[in-house]
Amino acid sequence: MSSSWDIRVTDTSLRDGSHHKRHQFTGDEVRAIVGALDSAGVPVIEVTHGDGLGGSSFNYGFSKVPEQELISIAVDTARNAKIAFLMLPGLGIKDDIIVAQDNGASICRIATHCTEADVSIQHFGLARDRGLETVGFLMMAHSIPPEKLARQARIMADAGCQCVYVVDSAGALVLEQVSDRVEALVQELGADAQVGFHGHENLGLGVANSIAAVRAGAKQIDGSTRRFGAGAGNAPVEAFVGVCDKIGVKTGIDFFAIADAAEDVVRPAMPAECLLDRQALMMGYAGVYSSFLKHAERQAERYGVSSAELLVRAGKRKLVGGQEDQLIDIALELQREHL
């Protein structure tokens, strides 16, 4: 890792932000955002469909521009930043990894539910064999205790993962809950792999939780410029960088340049601000996967029910990523109850 930072920041505006934009990024938008983030010193930029490689589908939403084309544009634009991609085993396939690398991406981020790390083993093996840097995502990390999360992290590390992330997919973790999980992974993995943290703003704690993760030993942190992500968005990179500057943590990112990028380049590409509104708040409170927001709003409108109530019910059922279709069942259930 370069000495220009104490921690490495990955900007996920062009992947997590795809949920908020309903996967409608254009090539020009990717070119502009990558150029601005790269100029500001962001070391890693993630680019894919919101649900990762292969996510463009009837169930998750179709991409306006094929994700592999967007990856190629990002690689051609970036002068210093590395381009990363996300994939969920079973949604994306191993051939997608090969194509993304052929298009110039150099960091493979593989995500599983926090109890299913074993499904990533062959994908990490392929990525390492091909010389890609590897990152693992343990999603919905709030839903199991730290010691169980650490055991899942060990599975990823043994498979070849070089950094395992505590992923607060629902934005449900609160401060010490982040620290406890990061510390558990640091203790389990030691020098075998780094630990990272990916947060959401659904309880307004994205930056605070990210700082808690850094203090607990995390070496890689995700964020999205202008909070451009699912739910209420991710930890805003510009705010996180500002806080890091104040507490003496080096990110290698220029605060003023990233603030300009957020205002002048990223915001114009957003369909609307990512808000901590009632629906997003309910996701954080009930522990609902952040990408469910737009799906819930669509089904609530279709069936004439409350999207907030729909999300709370989804939280009680402990739905996970990939179960978005069950929102229809819940909406019908609520509709019958309100007749």
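Don't overthink the numbers, they just go from 1 along the chain as shown.
Note: Cβ is positioned from N, Cα and C throughout, glycine not excepted.
Of the residues Asp16, Asp28, Asp38, Swiss-Prot puts just one in the Mn(2+) site with His198, His200: Asp16.
Calculated from their C-alpha atoms, the gap between His200 (Mn(2+) binding site) and Ser169 (substrate binding site) amounts to 7 Å. In this structure, His19 is the one among the recorded positions Arg15, His19, His198, His200 with the smallest number of other Cβ atoms inside 10 Å of its Cβ. Cβ contacts within 10 Å of Tyr289 (substrate binding site), excluding its own Cβ and spanning all protein chains shown: 27. Other than Asp16, His198, His200, the residues of this chain whose Cβ falls within 8 Å of the Cβ centroid of the Mn(2+) site are, in sequence order, Thr12, Val167, Asp168, Ser169, Gly171, Gly199, Asp222, Ser224, Gly229, Ala230, Gly231, Gly233, Asn234, Ala235, Ser290. Averaged over the domain 'Pyruvate carboxyltransferase' (7-259), the predicted model has a pLDDT of 97. The DSSP secondary structure for His19 (active site, proton acceptor) is helix. DSSP gives Ser169 (substrate binding site) a coil state; it is part of no helix or strand.
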